[in-house]
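Student: Below is a structure I'd like to ask you about.
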Amino acid sequence: MKCPKILAALLGCAVLAGVPAMPAHAAINSMSLGASYDAQQANITFRVYSSQATRIVLYLYSAGYGVQESATYTLSPAGSGVWAVTVPVSSIKAAGITGAVYYGYRAWGPNWPYASNWGKGSQAGFVSDVDANGDRFNPNKLLLDPYAQEVSQDPLNPSNQNGNVFASGASYRTTDSGIYAPKGVVLVPSTQSTGTKPTRAQKDDVIYEVHVRGFTEQDTSIPAQYRGTYYGAGLKASYLASLGVTAVEFLPVQETQNDANDVVPNSDANQNYWGYMTENYFSPDRRYAYNKAAGGPTAEFQAMVQAFHNAGIKVYMDVVYNHTAEGGTWTSSDPTTATIYSWRGLDNTTYYELTSGNQYFYDNTGIGANFNTYNTVAQNLIVDSLAYWANTMGVDGFRFDLASVLGNSCLNGAYTASAPNCPNGGYNFDAADSNVAINRILREFTVRPAAGGSGLDLFAEPWAIGGNSYQLGGFPQGWSEWNGLFRDSLRQAQNELGSMTIYVTQDANDFSGSSNLFQSSGRSPWNSINFIDVHDGMTLKDVYSCNGANNSQAWPYGPSDGGTSTNYSWDQGMSAGTGAAVDQRRAARTGMAFEMLSAGTPLMQGGDEYLRTLQCNNNAYNLDSSANWLTYSWTTDQSNFYTFAQRLIAFRKAHPALRPSSWYSGSQLTWYQPSGAVADSNYWNNTSNYAIAYAINGPSLGDSNSIYVAYNGWSSSVTFTLPAPPSGTQWYRVTDTCDWNDGASTFVAPGSETLIGGAGTTYGQCGQSLLLLISK
C-alpha cells in the first residue's frame, strides 16, 4: 500500500518509504443505509448516518459531473443517528432527471450550524473548520454517500485535477465542490448471476495475485474494447485454469482515485495504479468497466465473477479498511485544512481516529488517518460492505491491507498510559479484545471450514506502521496471514549466503508450514500464505536478477518513489561476471519450487509464470504503464518457465501430502542430512550447514506416492544419499532445478519421471538448487 505522491496534498498523507467463527449475523446493514428503490420502483429512499449533524440535505443530479443540482430534499432524523427521506420517482422525473439518478449530501453541524441565508459558496453560519469535538462539517462540500453502490467519477479526473475544491481551511472552505464532486448512483438491483461459488478447502488453493487492468490491458487475444476491464479479466478464466490456479486475488477494485491516470500520457504524473486509495467501499471501480453506464460496472463485475466460478476459480479481493482516500490534514501544523468529500463531512469523529484534542488524526497507515475501526458504526460499514461484496457481487474471500489496524483497540480520546485498552497511546493491537474489528468480522461471517464448504476465506496483511502493529502470527483463529517471514527467509537462503547467517532450521520450518507462527493459536499449515513476491516489491524474476531496487528509471519502468531497501535480491553474479541468465532462471525455478512444495497456501504474483520483470523497480504503485501490464508474447525461455510453473502447480494439486490439513507428525515427515542420516540436534544447530532434505510418507497422508525433496543452499555441488523409499518402490526424478536441466522439460510430465534408485543411491546436486523425487 502506497500514498501516491501526486495526491499528497489532496489526501493529506505522508509519502513514506482465538475467537471462533459464528453464523452470519442477521442484522447486516440493519440501518438500511444507502439509496434504494422500493419493490415497485416508484420511490427511492435515501438513508445516511451522522451522529453529529444538525441538518442534512439531499442533492439530486441528472449527470455525475459538471451540472448543477436538479432538485433538493431535506432529510429528517430517523433515530439512532440515521437521517432519511423518501422521494417519489415521479418527482425526480418532473425535476428533469429521466435517466440515472446521481446524488450527494450537504451537511451542517456544531462547527458550521445551518443559517437561513446560506448559499453555495457562502460562509454563512461558519464557526470553525474543526471544533473541539473534532467535527468538520462544511456545507460547501458535496458529500458522497458511504453506502453508494456506484460512484460517478473520482475527485480528480480528466476534467478536474484541482484537489483544492474539496478542501477546508481559510483558503478553500467557501469553494463549492458540487459540480466536481463524486456522486452516488442509484441502482436498480442487478439480475446478473455470479455463478456457483467453489467450496474447495483453502489448503487446496493456489492463489494468483493480479491487477484487474494489468491482467489484460495489452493482451492482443482479447478485443481492444475489453482489454483492462472486468469483462476482459473474465475472458482469462480458462488461462488461469490451464495454469492450475484455483483462486484469483485482485488488487483493490473498490472505487479508487485513478481517473486521472491518463491525463498526461506516457508519464507517472497523477498516477495511482495499485489502487490503495479507496473512495467508497461498495462501488466497483468504474475505470475497470467496459460498460461505464449506470449499473454497468456492477453487472460486469458480477459477470466476471461468474466466469471464474464457472471455471472452478475463487475470486478474492484486496480491501483497504485501514484508511480512506480522504487522508489526513494537509500539514502537521495546520489542523484546519483537510480533504472533504464523504466520511469526513458526514461524521468525522465516527469514521476517523482522532488524536488528543481532536484536531488531528492518529495514523498507522502512512496515509494520514486511521479509519476508526474500534467504533461500532465504522465497523458496521466494514461488515456491511464485506457482506455486499460476498453476497451480491459473489466474492469468495478478502485480503485485508494493513490488517493490524483492524485489530486496534483504541478509540478517540483514549491516549493516556492509564487507558486500560490503549497502553501504547492511540494504537494498540489486541486480538484478545472481542470488540476489535478482526473479531467482529469473525462473528459476522462464516469462515470456510478446514475441510471445505461454504464460507469466506480471510487473509490478513499482519502489519502496519508503528506501535505493536507487526503481528505476524498474532491474529486469532479463523484468519490466515501473509507470511512475510517465509518470503524473507527463502530469499535470504538463496541470495544472502556469505552476507548473513542462514539457518537451515528456518528453511525446514518454512517447508513444513511455519508451525512456530501458527500452531500455538490453534491454526493449521494452510493458514500460512506462502509467497516469494507480491505486487508490493520485486517480481519473481527480479528477486533473482537484481542487486537492489532501481526505482528512478525512466517511463514506463519508473520513476517511482519509496520502496524498501530490504529486498534480499541478487543477480546471481551476472554483474560480477560470475553468473549468467541461466543461473537466474535456475534460482527462480528453485524459489518457485520451494514455495509450491511447502505446506501452506501458495500465493504467486501474476506474470511470475513467465518471468515478468519490472527492471528492478520494487514500488511500481504509480505506473499505469506497459511495465505493469502482463504480456502474453513470450520468448522461448519464458515459455519454458511457464511449462515448469504449470507442471509444478499440477504436481502440488496431485499430491495431498503437500497440502496437509494439520501439522506433520511422527513418521509423516523425516528430515535428512546429505549423508542420508536423520538430521539431529547437532546438525540443526550448526549454522554452517546449508543443505537439507526431507521425505514425506505419502501413504500416511492419503497420497499414492512418497516424496523426497533435497535443497542445496551451498554455491557448490553436494552429494545426497537417498533414504529408503516405501517397500517395493524406487525413487524417480520429477525435477532438478539445476542449470543442466534448463529447458522445456525441466519438470517432467507424469509418467515420464527418470529412475534414480533406492536406498543408499547417491545424487550429486548442484549449488543453490532443489531436487524433487517420488516413489513408485
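Positions of Cβ are set from backbone N, Cα and C atoms, glycine also.
Summarising the annotation, Swiss-Prot assigns active site, nucleophile to Asp401. According to Swiss-Prot, the feature active site, proton donor maps to Glu461. Annotated Ca(2+) binding site per Swiss-Prot: Asp154, Glu255, Thr256, Asn258, Asp285, in sequence order, evidence recorded as similarity to another entry. Per Swiss-Prot, disulfide bond is recorded for Cys410-Cys422, Cys546-Cys616, Cys738-Cys766. Marked as signal peptide by Swiss-Prot on the basis of experimental evidence: 1-26. Sequence annotations record features per position, and here Swiss-Prot assigns site 'Transition state stabilizer' to Asp536.
Tell me about the setting of these features in this model.
Tutor: According to DSSP, Asp401 (active site, nucleophile) sits in a coil region rather than a helix or strand. Within 10 Å of the C-beta of Asp401 (active site, nucleophile) there are 24 other C-beta atoms, taking all protein chains into account.
Around Glu461 (active site, proton donor), the same-chain residues at least 6 positions away in sequence with a Cβ under 8 Å from its Cβ are Arg399, Phe400, Asp401, Leu402, Ala403, Ser404, Glu481, Trp482.
There are 30 other CB atoms within 10 A of the CB of Glu255 (Ca(2+) binding site), with all protein chains counted.
All protein chains considered, the CB of Cys410 (disulfide bond) has 26 other CB atoms within 10 Å.
For the recorded site, Cys616 (disulfide bond), the DSSP three-state label reads coil.
Mapped onto three states, the DSSP output places Cys766 (disulfide bond) in coil. Within 10 Å of the Cβ of Cys766 (disulfide bond) there are 19 other Cβ atoms, across all protein chains.
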Student: Return the count of C-beta atoms lying within 10 angstroms of the C-beta of Cys738 (disulfide bond), excluding that atom itself.
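Tutor: 22, counting other Cβ atoms within 10 Å of Cys738 (disulfide bond).
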Student: Going by Cα-Cα distance, which of the recorded positions (Thr256, Asn258, Asp285, Cys738) sits nearest to Cys422 (disulfide bond)?
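Tutor: Minimum Cα distance from Cys422 (disulfide bond) across Thr256, Asn258, Asp285, Cys738 lands on Thr256.
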Student: Could you give the Cα-Cα distance between Thr256 (Ca(2+) binding site) and Cys410 (disulfide bond), in whole Å?
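Tutor: Cys410 (disulfide bond) has its Cα 27 Å from the Cα of Thr256 (Ca(2+) binding site).
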Student: Using other CB atoms within 10 angstroms as the count, which residue among the recorded positions Asp154, Asp536 scores least?
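Tutor: Looking at the recorded positions Asp154, Asp536, the Cβ with the fewest others within 10 Å is that of Asp536.
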Student: CA-CA, which of the recorded positions Asn258, Cys410, Cys546, Cys616 lies nearest Cys766 (disulfide bond)?
Tutor: Cys546
Student: Out of Asp154, Glu255, Asn258, Asp285, point to the one nearest Cys546 (disulfide bond) in space (Cα versus Cα); all of them are binding-site residues in the record.
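Tutor: Closest recorded candidate to Cys546 (disulfide bond) by Cα: Asn258.
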Student: Using Cα coordinates, what distance in whole Å links Cys410 (disulfide bond) and Glu255 (Ca(2+) binding site)?
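Tutor: Given the Cα positions, Cys410 (disulfide bond) is 28 Å from Glu255 (Ca(2+) binding site).
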Student: According to DSSP, does Thr256 (Ca(2+) binding site) sit in a helix, a strand, or coil?
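Tutor: Reduced to three states, the DSSP call for Thr256 (Ca(2+) binding site) is strand.
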Student: Cβ distance under 8 Å to Cys616 (disulfide bond), same chain, sequence separation 6 or more: which residues?
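Tutor: Met538, Asp542, Ser545, Cys546, Gly548, Ala549, Asn550, Gln553, Ser569 - these are the non-local Cβ neighbours of Cys616 (disulfide bond), listed in sequence order.
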